[in-house]
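Engineer: Annotated disulfide bond per Swiss-Prot: Cys116-Cys193, in sequence order. The N-linked glycosylation site feature in Swiss-Prot is assigned to Asn19. Here Swiss-Prot flags 1-45, 103-117, 181-205, 271-291 as topological domain 'Extracellular'. The topological domain 'Cytoplasmic' annotation in Swiss-Prot covers 73-81, 140-160, 229-248, 313-353. The transmembrane segment annotation in Swiss-Prot covers 46-72, 82-102, 118-139, 161-180, 206-228, 249-270, 292-312.
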Amino acid sequence: FNMESDSFEDFWKGEDLSNYSYSSALPPFLLDASPCEPESLEINKYFVVIIYALVFLLSLLGNSLVILVILYSRVGRSVTDVYLLNLALADLLFALTLPIWAASKVNGWIFGTFLCKVVSLLKEVNFYSGILLLACISVDRYLAIVHATRTLTQKRYLVKFICLSIWGLSLLLALPVLLFRRTIYPSNVSPVCYEDMGNNTANWRMLLRILPQSFGFIVPLLIMLFCYGFTLRTLFKAHMGQKHRAMRVIFAVVLIFLLCWLPYNLVLLADTLMRTQVIQETCERRNHINQALDATEILGILHSCLNPLIYAFIGQKFCHGLLKILAIHGLISKDSLPKDSRPSFVGSSSGHT
C-alpha cells in the first residue's frame, strides 16, 4: 500500500467499518498483505453494549466506594491505600467513558473529534496508570514483607512523587493518541474514532502497538511475578498469623490480572508477529485474529470493575471502613461496628490483608 499516492479518505472506500470501535488492533484496511474479505462472525454489538453497561455500573459503584473509604481513613492510611486510591481513580475515569464507547458500537462515532481525543486519552491513561500502579503495589509489599523495609515507602512525599510520576508517564505514553486521533468519515459506513498520522500511518501505528505491550503488560507483569514470588516464599518460611489471608489476596491479584490481560496481549503479540511477516499471514488467520482481539479486549475492560473486589472486598478492613462511614452518618448503629476495626482497609503497606 502506498500512502503517498492515495488520500487517507480514499483508503477507507469499500471497507466494512460499521461495527468498528476503539481498539489497539489495526483495522482491516491497513493490511500490508493481499486484501481479505472480513468474516461476519463478529461479536454481537448489542451483547458488547450490555457488557459495557454492566462494567460501567460495577466499576462506578465499586471504585467510588473504595475512594470514599480511603479518603475517610486519613489517620491510618497506608502507602498501599494511596496506591489503591489512585488505582480506583484511574478505573473510575475509564468507567465514565464506557457509555460513549457503548453508543459508538451501535451508531458509530457520532461525538466529534474533541470527544474522540478526550475519551481515547482517558482510556490509554487508565491502561498505563492502572497496571503501573499494580506494579508499585507489588513492589511496596515486596519491600515490606521480604526486606521488612518501611522507612522508605512510608515517606509521604516519596509516595506522592511516585503517583504523580505514574500519572505523568501515563499521559506521556498516551500523548500520541491525543495528537493523532480524530473522527474519520468513510464512504457509505458509520464514522469511526481513529488515528490519522499522514503518510506514515501504518508505520507509526505499529510503533504505538509496541508501547502498550512493553510498558503496559510485559514489564509490569515481570515486576509483579518477581515481587509476589519472593513475597510468597517469605510468607511460607515465616509463621505469620495472617499468612494464609495474605496469600489469598496475592494469588487473587496475579490470577485476575493474568486472566484479564494475558489473553488479549497474547493475541496482540500474534497479530504483531503476523503484520511484521514473522508469521505467515492468511485470510483465515487474519479473521481469527480480529475476532480474538474483539473477544479478549472485553476481558481487559472487565479488569477495571474487578479491582475493587480484589483489593477491597476480599479484605475485612474495607468492610470495617465502610461500616464506620455508615455509622458516622447514622445509617447503622455504632454497636454493629467491630471493636478491633482499623481505619486503613488494607491494614498496612505490608499487604497482610
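Quick reminder: no glycine exception, Cβ is built from N, Cα and C everywhere.
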Engineer: Can you name the residues of this chain that are 6 or more positions from Cys116 (disulfide bond) yet have a C-beta less than 8 Å from its C-beta?
Structural biologist: Trp109, Arg181, Arg182, Thr183, Cys193
Engineer: When each of 82-102, 118-139, 161-180, 206-228, 292-312 is checked against the transmembrane segment (249-270) for Cβ pairs under 8 Å, which one has the most?
Structural biologist: 292-312
Engineer: Decide whether the stretches the transmembrane segment (206-228) and the transmembrane segment (46-72) have at least 3 CB pairs under 8 angstroms, with pairs required to be 6 or more apart in sequence.
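Structural biologist: The transmembrane segment (46-72) and the transmembrane segment (206-228): touching, no.
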Engineer: Taking every residue in the topological domain 'Cytoplasmic' (313-353), what is their average pLDDT?
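Structural biologist: Value for the topological domain 'Cytoplasmic' (313-353), mean pLDDT as a whole number: 60.
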Engineer: List, by number or range, the same-chain residues at least 6 past the transmembrane segment (82-102) whose CB is under 8 A from its CB atoms?
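Structural biologist: Contacts with the transmembrane segment (82-102): 21-22, 48-49, 52-53, 55-56, 59-60, 63-64, 66-67, 70-71, 111, 115, 119, 122-123, 125-127, 129-130, 133-134, 136-137, 140, 159-160, 163, 166-167, 301, 304-305, 307-308, 311-312, 346.
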Engineer: Residue counts in helix (H, G, I), strand (E, B) and coil for the topological domain 'Extracellular' (271-291), per DSSP?
Structural biologist: 14 helix, 0 strand, 7 coil
Engineer: Quick check for me: are there 3+ Cβ pairs below 8 Å between the transmembrane segment (46-72) and the transmembrane segment (161-180), leaving out pairs under 6 residues apart?
Structural biologist: no
Engineer: For the transmembrane segment (292-312), could you work out the same-chain residues 6 or more beyond its ends whose Cβ comes under 8 Å from its Cβ atoms?
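Structural biologist: Same-chain residues near the transmembrane segment (292-312) but 6 or more away: 23, 25, 42-43, 48, 51-52, 54-55, 58-59, 62-63, 65-66, 69, 84, 87-88, 91, 94-95, 98, 126, 130, 249, 252-253, 256-257, 259-261, 263-264, 267-268, 271, 318, 345-346.
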Engineer: Which residues of the same chain, at least 6 past either end of the transmembrane segment (161-180), have a Cβ under 8 Å from a Cβ in it?
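Structural biologist: Distant Cβ neighbours of the transmembrane segment (161-180) are 82-83, 86, 117, 120-121, 124-125, 128-129, 132-133, 136, 195-197, 204, 208, 211-212, 215-216.
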Engineer: By DSSP, what is the split of the topological domain 'Extracellular' (103-117) into helix, strand and coil residues?
Structural biologist: 11 helix, 0 strand, 4 coil
